Amino acid sequence: MSWSSVGNWFKTQVTLKNLFRLFLGQLVSFVLALMSFTSSLIASLGVDAPITQTSFTYLALAVVYGSILLYRGQKLRIPWYWYLALGFVDVQGNYLVNKAFQFSSITSVTLLDCWTIVWAIFLTYFFIGTRYSLWQLGGAALCVLGLGLVLLSDAGVGGGGGSKPILGDALVIAGTLFFAMSNVGEEFCVKKKDRIEVVSMIGLFGMLVSGVELSIFELKSLESVTWSTNIILGFAGYTFSSFMFYTITPFVLKLSGATMFNLSLLTSDMWAVVVRILFYRQQVDWLYFVAFGVVVIGLVTYSTTEKVPATVVEDGSQSVEYQELNAESRDEC
């Protein structure tokens, strides 16, 4: 193979569209790392208000995308009670993961987020009917092994970070279960061809659920907060980054599918390592790097052997793509 043929192949592969996909994927990854950083910063400032923290995000989603939906004047394509359920599980996932920053390190929380993939496999297998290859299951098993090493490190074998790392890790794992239910439900709703409706309804019902839970569980915590510029900036940073995450994610799935999305989010763990070392001046245990390497291998194995799973539509006459959303790239939001 000549150098000219290699160059021609490279030119055909590296297109503007591929570069745009890569840019969007890394933008989502950076936004996710920014969410983790601001949430960890809020916790380090002594504020224990995870529900309030996400309420501003849901409010922003409801106002921005709800206004677009009202301008269209269209009826909901999915019954409102499904959006209520979707908003409920999304709120619980955000609450548990943000609460975990009170007890565990930013690196452990971000890496343990990978449990979402494991829960999603179970949920899609039993409730959606998605089927996975042995290679995909093997990749998921490697991810679980890597996450087990994180738990081992936080248990004290290597010295994890945080005041109660095991409690924090348990909260993250529980939170990823709710995130998986939210992601599966959101992807199913997106199949109705209207991302604006889905995001706006998540914002609306997420705001309502957050308001109820906040009034019951978090008023005393808010009363004890001594508000400062750093705390306000932390809340503003989290609201902005999480709003961008909810906004960009559907487009990454639309252009690249689950493969690029999962691989892109993986780099957010390395951003978390940089934040922990440079901002918090903390050492990262060697077991974390081993765990990260195992998770990388697991996710690459899962993603590179991923096929488009099929599920049956309501009339049972035709199968449709579940994870791959590229077919929707021709449709309008």
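Each residue, glycine too, has its Cβ placed from N, Cα and C.
Database features (TrEMBL):
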type	residues	note
TRANSMEM	20-43	transmembrane segment
TRANSMEM	55-74	transmembrane segment
TRANSMEM	80-97	transmembrane segment
TRANSMEM	109-128	transmembrane segment
TRANSMEM	134-153	transmembrane segment
TRANSMEM	165-184	transmembrane segment
TRANSMEM	196-219	transmembrane segment
TRANSMEM	231-253	transmembrane segment
TRANSMEM	286-305	transmembrane segment
Highest-contact recorded stretch vs the transmembrane segment (80-97), from 55-74, 134-153, 165-184, 231-253, 286-305, CB pairs under 8 Å: 165-184
Stretch with greatest number of CB pairs under 8 Å, the transmembrane segment (134-153) reference, 55-74, 109-128, 231-253, 286-305 candidates: 286-305
Intrachain neighbours beyond the transmembrane segment (196-219), with Cβ under 8 angstroms and 6 or more residues off its ends: 49, 51-52, 54-55, 57-66, 68-69, 72, 74, 76-78, 80, 83-84, 86-88, 90-91, 95, 186, 189-190, 246-247, 250, 333
